[in-house]
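**Q** Sending over a structure as structure tokens; questions will come in a sec.
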């Protein structure tokens, strides 16, 4: 291939994230018709997005430079078979939480390095500690030499790869020539969508230097990703059903919200949010109790509220676009579900009037405690 004359094609990160979310949503719901489901899914997404374009549920994280080679062109949907993959895996029918797990031995240093590499990969961000350890256990090392082909366009998907070291180039042949679409330098990941869709590789990845990769086989990858996504959705759907304010949401809106929530764990006395900080999102209490404090006129923290299971806090700073007006601390071990600011704006529009009405309730609480309503509490 004449690589010197290749044109550089930029693949937007938003496209990759959008397709990943749609793929997982499809595989979890298993609708009878892919095209009808896709039309409905993206129509609802467009209708729920603010003007100015699609805002993705998950904010981009610095250092997450993985760009998939597997984004399927839209035209493929018209000729694809109804079943997304032949080796069907239905997470709802998999009742085995334990069992024989794939474990490849690694040193402590290798585990730390791998954990650092995968923590910001979109597919793994919502995994808890045990699930992340399972991901790390299941990955095996693959050494490569300059010029080695890791995957080839048109081949069946076998592994998902995380880069440990080395440079790699992704090429796509459009029928006339090979186009360089991305270059990886010592970090990133690739290969996930071919495994989720069970479709041929849509690009070629070639090593541009000696290096090493961490790989996970197709079945283990799908089992961890799909089952964890399924369990997360069911768990958060139950949480959402217990929050009165969220009863205003339609069923599909609740599903989107469940997919957007991110688990957060805090230990006794650990600060969750700090008064005066900029707001990055809101929290729902899944387990445990959270205590809310505000500074009085002498600069001392005064406890104003305790929030238990199915309660929430942090939303008013998002509604008012002001800094945090209170601090929150874990009382005992606490398990929370975090919703970032972009997802809040996209998904909780139907609840906005309820959230705004709550401001008046908070003002009344502040007057009772402090004698004024100069600050608006950020709790519920």
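Residue numbering: from 1, along the chain as shown.
Glycine too: its Cβ is placed from the backbone N, Cα and C atoms.
All annotation found in TrEMBL is predicted automatically rather than curated by experts.
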**Q** From 53-73, 74-94, 95-115, which range did TrEMBL mark with region 'Disordered'?
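**A** Of the candidate stretches, TrEMBL labels 53-73 as region 'Disordered'.
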**Q** List the Cα distance (Å, whole number) between residue 315 (3',5'-cyclic AMP 2 binding site) and residue 201 (3',5'-cyclic AMP 1 binding site).
**A** 43
**Q** Quick one: pull the CA-CA distance for residue 201 (3',5'-cyclic AMP 1 binding site) versus residue 324 (3',5'-cyclic AMP 2 binding site), whole Å only.
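**A** With distance taken Cα to Cα, residue 324 (3',5'-cyclic AMP 2 binding site) is 47 Å from residue 201 (3',5'-cyclic AMP 1 binding site).
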**Q** I'm checking region-level scores; what's the whole-number mean pLDDT for the domain 'Cyclic nucleotide-binding' (123-242)?
**A** 87
**Q** With DSSP as the reference, give the number of residues of the domain 'Cyclic nucleotide-binding' (245-365) in helix, strand and coil.
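**A** With helix first, then strand, then coil, the domain 'Cyclic nucleotide-binding' (245-365) has 43 helix, 46 strand, 32 coil.
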